[in-house]
Amino acid sequence: MQWYFVAALLTVLTSSQGIWTTLSQSNGKYKYDYATIPFLAEFFKLSVSSFFLWKECQSPSPPRMTKEWKSVRLYLVPSVIYLIHNNVQFATLTYVDPSTYQILGNLKIVTTGILFRLVLKKKLSNLQWMAIILLAVGTTTSQVKGCGDAPCDSLFSAPVQGYMLGILSACLSALAGVYTEYLMKKNSDSLYWQNVQLYTFGVIFNMGWLVYGDFKAGFEMGPWWQRLFNGYSITTWIVVLNLGSTGLLVSWLMKYSDNIVKVYSTSMAMLLTMVLSVYLFNVRATVQLFLGILICIISLQMYFMPVHMLVELPQTLPATSK
């Protein structure tokens, strides 16, 4: 399986994530406890990874599994970050529409590039840094609204809380992604064994978050496991499967590719979400939107295309005899 196929599939799932989450709302509110979604998604990822790990263990050559606690405990960190991030992104969608949510999420392109350099010590060329900055410009351009139908002193339509939560979500996503890539590549352990460790802690921490919510509410609605599926619909289950499948694809990219591929997949998802939102949620298409899409596409080409296809390199002249 090539990384670009996984990236394309991740793009499709990510682009529909915000849409399905919005469709699962009723009159702008969740009928279900949205803290249960990350818990069930983590349980789904753990179940799938455990099954494939079991299949690997049945093979003649068992997979490599590092079981020392000093290695296992490292998987606590991304689980905590993802716990916070998953709940923040649901809160964000109560303030902003799906296209704005995807745009804010693309801020992690820049933060990931910085952490890529500082934490993983991976160098980016000047052309790649220009592409990252251009992507940020493109996403910002696509969000800016014109002054024809709204006052010019209010270019952004969503509440401030939505943008603050979106920025926080982007930073958490970049931090968790870079740290997860470090874990996945620090040894040659089986991907499914690494997933089992990661998602076991994910299930535990999300369960702890649900218990904390019960204590905070004084158990007015009973323990969380008695109302786990309250308010669930087919759309809600699609949200769970979408979030879980996205996480599995991301772990594959972290193991065999890198974070930049992942976040560029997210940016492509943003473009697709914005186009779909025009038809599904009556979001008005603007010139700025299409200009931003064009800039993002140019950024993608600048980052991934070989340099010799973007610029004409000078040819070395043959030495001449005097």
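In case you wondered, yes, glycine gets a Cβ from its N, Cα and C as well.
Automatic prediction, not curation, is the source of TrEMBL annotations.
Positions annotated as signal peptide by TrEMBL: 1-18.
Residues annotated as transmembrane segment in TrEMBL: 34-54 (among others). For the transmembrane segment (34-54), the residues of the chain that approach it from at least six positions outside its boundaries are 63, 82-83, 86-87, 90, 190, 192-193, 195-196, 199-200, 202-203, 206-207, 209-210, 213, 224, 228-229, 236, 239-241, 243-244, 247-248, judged by C-beta separation under 8 angstroms.
Residues 18, 21-22, 25, 28-30, 34-35, 37-38, 41, 101, 104, 158-159, 161-162, 165-166, 168-169, 172-173, 175-176, 179-180, 183, 194, 197-198, 200-202, 204-206, 209, 243 of the same chain lie 6 or more positions beyond the ends of the transmembrane segment (74-95) yet place their CB under 8 Å from a CB of it. Among the features that TrEMBL reports, transmembrane segment is placed at 74-95 (among others).
What TrEMBL records for 101-120 (among others) is transmembrane segment.
If you look up TrEMBL, you'll see 127-144 (among others) marked as transmembrane segment.
Residues annotated as transmembrane segment in TrEMBL: 164-184 (among others). Remote same-chain partners of the transmembrane segment (164-184), defined as residues 6 or more beyond its termini with a Cβ less than 8 Å from a stretch Cβ, comprise 74-75, 77-78, 81-82, 84-85, 88-89, 91-92, 95-96, 100-101, 104-108, 111-112, 115-116, 119-120, 191, 194, 198, 250-251, 254-255, 258-259, 262-263.
The feature transmembrane segment is assigned by TrEMBL to 196-212 (among others).
Annotated transmembrane segment per TrEMBL: 232-254 (among others), in sequence order. Within its own chain, the transmembrane segment (232-254) is flanked in space by residues 1, 3, 6-7, 9-10, 13-14, 16-17, 20-21, 23-24, 31-32, 37-38, 40-42, 44-45, 48-49, 86, 177, 180-181, 184-185, 191, 194-195, 198-199, 261-262, 265, which lie at least six positions past its ends and keep a Cβ under 8 Å from the stretch.
Annotation comment: TrEMBL describes 261-281 (among others) as transmembrane segment.
Residues 127-128, 130-132, 134-135, 137-146, 260, 264, 267-268, 270-271, 274 of the same chain sit 6 or more residues outside the transmembrane segment (287-305) yet have a Cβ under 8 Å from a Cβ within it. What TrEMBL records for 287-305 (among others) is transmembrane segment.
Remote same-chain residues near the transmembrane segment (101-120) are listed as 14-15, 18, 89, 92-93, 129, 132-133, 135-136, 139-140, 142-143, 163, 166-167, 169-171, 173-175, 177-179, 181-182, 258-260, 263-264, 266-267, 269-270, 273-274 (criterion: CB distance under 8 Å, separation of at least six residues from the stretch ends).
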